[in-house]
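Some notes on the structure that comes next.
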Amino acid sequence: MANIFSFCVFIVLSLLCFSKAQHVKVYELKRGYFSAKFTNYGATMLSVILPDKTGKLDDVVLGYDLVNDYKNDTTYFGAIVGRVANRIGGAKFILNGVTYKTDPNDGKNTLHGGSKGFSDVIWTVKSYKKHSHVTFSYESFDGEEGFPGNLSVSVTYMLLHKNKLAVKMMAKPLNKPTPVNLALHTYWNLGGHNSGDIMSHTLKLFGSKITPVDSELIPTGEIVPVRKTPYDFRRPREIGSKFDQLPHGYDINYVLHKSRRSRHLRKVAVVVESKCGRKMELWTNMPGVQFYTSNMLKNEKGKNGTVYGKHAGFCLETQGFPDAVNHPNFPSQIVKPRGIYKHFMVYRFTAH
């Protein structure tokens with residue numbers, strides 16, 4: 001009888017803990033006029049509010065009014081995607097002689113970790129200080145969406161000074177080697193989320209090569225120069241300036257230049273919206289960045305009744321190369337037990 005009572009108590013306490021852990025909330029970070037909001041659903045970035053050159057405040061991140069709306073979206077607005085971001089060709093890969101089949105949620109391929117990747121789970125809040133940071137964690141189980149091994153994951157968003165936002169993503173395999181490639185899927189519009197398209201934004205991108213893709217957006221395995229192609233943003237130019245050559249827009253991985261100094265982050269990009277004067281700079285330790293011009297957005301109802309159309313935002317998703325698990329010439333994404341995956345991003349925002 002005592003054993004039954006103890007078991008019942010254990011079940012009740014477990015349910016209470018589970019209920020508490022699964023509670024979805026919004027967490028704001030704020031310093032002066034610079035603020036950002038996040039939720040533990042998908043460890044998602046909900047908003048970033050910045051002043052323009054006149055001091056006017058705008059939210060420069062596309063998204064929804066309610067957290068519940070993020071649970072049904074197909075846009076991945078602001079989410080952390082994984083266990084493996086971007087695409088895995090044929091929804092399978094071989095690791096140590098074992099073939100692993102992942103969830104084919106994008107035709108016959110896997111996109112952003114599968115049908116229920118890290119963007120569609122509830123993360124635990126490990127630490128939160130309004131003027132400093134918020135840290136989310138998630139325990140991914142062996143076999144989740146087809147990936148091997150248990151994986152402990154954490155994401156920290158930090159405000160640095162009055163105009164910098166840092167993102168730290170970490171993952172530790174507990175019992176098996178596994179691929180890990182996390183990415184932050186924020187859609188930006190520096191004119192304000194409701195200001196129209198991003199075609200007139202000026203972009204400088206610090207990558208002189210890309211990894212070309214086939215008709216299903218799976219890398220061919222090649223690494224080719226951008227010189228004399230519409231993918232060349234080595235010198236600043238408007239994002240839409242060569243859409244006559246790329247009518248569907250951009251959705252491609254760039255190979256980033258290495259930092260000239262060891263242990264320093266790589267410069268990724270500089271984006272400027274000239275009318276409001278806002279400028280965004282980005283650094284990372286990752287070898288690649290996916291530049292995406294929201295080509296698949298179509299009449300998406302967002303914040304404050306705004307309807308987002310095609311090219312309403314741009315994404316700069318720092319990452320390992322797409323489908324690296326199937327291309328030995330790409331930098332490896334395999335992390336072994338006792339190893340740690342570390343992914344850093346630093347944004348700096350100014351207005352002139």
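Glycine residues also receive a Cβ, built from the backbone N, Cα and C atoms like all the rest.
Positions annotated as active site, proton donor by TrEMBL: His185. What TrEMBL lists as active site, proton acceptor is Glu317. What TrEMBL lists as beta-D-galactose binding site is Asn86, Arg87, His185, Thr186, Tyr187, Asp251. Per TrEMBL, the feature signal peptide maps to 1-21.
The maximal spread of the beta-D-galactose binding site, taken as the longest Cα to Cα distance among Asn86, Arg87, His185, Thr186, Tyr187, Asp251, is 18 Å. In this structure the alpha carbons, written CA, of Thr186 (beta-D-galactose binding site) and Glu317 (active site, proton acceptor) are 8 Å apart. It is 13 Å from the Cα atom of Glu317 (active site, proton acceptor) to that of Arg87 (beta-D-galactose binding site).
In terms of local Cβ density within 10 Å, Glu317 ranks first among the recorded positions Asp251, Glu317.
Around Asn86 (beta-D-galactose binding site), the same-chain residues six or more apart in sequence whose CB sits under 8 Å from its CB are Leu111, His112, Asn181, Ala183, Asn253, Gln290, Glu317, Gln319, Pro322, Asp323, listed in sequence order. The number of other Cβ atoms within 10 Å of the Cβ belonging to Arg87 (beta-D-galactose binding site), over all protein chains shown, comes to 21. For Tyr187 (beta-D-galactose binding site), the same-chain residues that are 6 or more apart in sequence and have a Cβ closer than 8 Å to its Cβ are Val61, Leu62, Gly63, Thr75, Phe77, Gly78, Ser294, Ala312, Gly313, Phe314, Cys315. Cα of His185 (active site, proton donor) to Cα of Asp251 (beta-D-galactose binding site): a span of 13 Å.
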